[in-house]
Amino acid sequence: MALLILLRHGQSVWNEKNLFSGWVDIPLSQQGIEEAFSAGRAIQNLPIDCIFTSTLVRSLMTALLAMTNHHSKKIPYIVHEDPKAKEMSRIYSAEEENNMIPLYQSSALNERMYGELQGKNKKQTAEQFGEERVKLWRRSYKTAPPQGESLYDTKQRTLPYFEKNILPQLQNGKNVFVSAHGNSLRSLIMDLEKLSEEEVLSLELPTGKPVVYQWKNHKIEKHPEFFG
């Protein structure tokens, strides 16, 4: 059996201001920092062998802060994709390498790209375009905001990345911690739980609250201790 821990990043500065963030690289707010520490305490006794985050700083901050509480005391280190950076950051101490946890970053796990809504206030946007249209942009499965992505579009990048990079880790018995975003995680959970296009629309993931699945009997299922 292996664990899959999914965590939406803590509150960002733009979450706090009720702005659309998308791919804009916004850090955590003070509350978000506290949420990351709290999430870390919730998973501190769970085994973790590798970490995956998006390329956005709020995702990375959440993972790093959460891991400060981990019982293993192991240090996350970023595994660079660029060959030169990977070689330049090589660890030559086997002892220290054993005390570290690899962390992989990919834009495939980034938040849904909100296009022309990015940086705009959510309430004011609803007043400008109408609540129904904005609700359609935000909550429908295949309708995207101007120049942005729908949840369907987001899934076209998150799911292939999951199947190529994360699923094999679980199949090899590795425990995986994924720190990402509301919509990138919703798109994955849609597949994990076999949710319909209608069912996924009501799926809400609060900031800083981990959800745990397990790889068991050749399939991913909800962990009974965390889903009750």
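In case you wondered, yes, glycine gets a Cβ from its N, Cα and C as well.
Residues annotated as active site, tele-phosphohistidine intermediate in Swiss-Prot, with sequence analysis given as evidence: HIS9. Per Swiss-Prot, the feature active site, proton donor/acceptor maps to GLU111. Feature annotation from Swiss-Prot assigns substrate binding site to 8-15, 21-22, ARG58, 111-114, LYS122, 138-139, 182-183; the stated evidence is sequence analysis. Taken from Swiss-Prot, the feature site 'Transition state stabilizer' covers HIS181, and the record attributes it to sequence analysis.
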Conformational class of ARG8 (substrate binding site) under the three-state DSSP mapping: strand
What does DSSP assign GLY182 (substrate binding site), in three states? helix
Filter the recorded positions GLN11, TRP14, GLY22, LYS122, HIS181, GLY182 down to the ones within 10 angstroms of the residue listed as 'active site, proton donor/acceptor', Cα to Cα, kept in sequence order. GLY22, HIS181, GLY182
Could you tell me which of these recorded positions, HIS9, ARG112, has the fewest other Cβ atoms within 10 Å of its Cβ? ARG112
Near GLY182 (substrate binding site), which residues of its own chain have a C-beta under 8 A away, given they sit six or more steps off in sequence? ARG8, GLU111, LEU205, THR207
Neighbour tally for GLN11 (substrate binding site), based on other Cβ positions within 10 Å of its Cβ: 22
In whole Å, how far is HIS181 (site 'Transition state stabilizer') from ARG112 (substrate binding site) when you measure between their Cα atoms? 8
Distance check, please: Cα of TRP14 (substrate binding site) against Cα of HIS181 (site 'Transition state stabilizer'), rounded to an integer number of angstrom. 13
Taking only the Cα atoms, work out how far GLN11 (substrate binding site) lies from HIS181 (site 'Transition state stabilizer'), in Å, as a whole number. 10
If one measures from the C-alpha of LYS122 (substrate binding site) to the C-alpha of HIS181 (site 'Transition state stabilizer'), what distance in angstrom results, rounded to a whole number? 17
Tell me the Cα distance separating HIS9 (active site, tele-phosphohistidine intermediate) from HIS181 (site 'Transition state stabilizer'), rounded to the nearest angstrom. 6
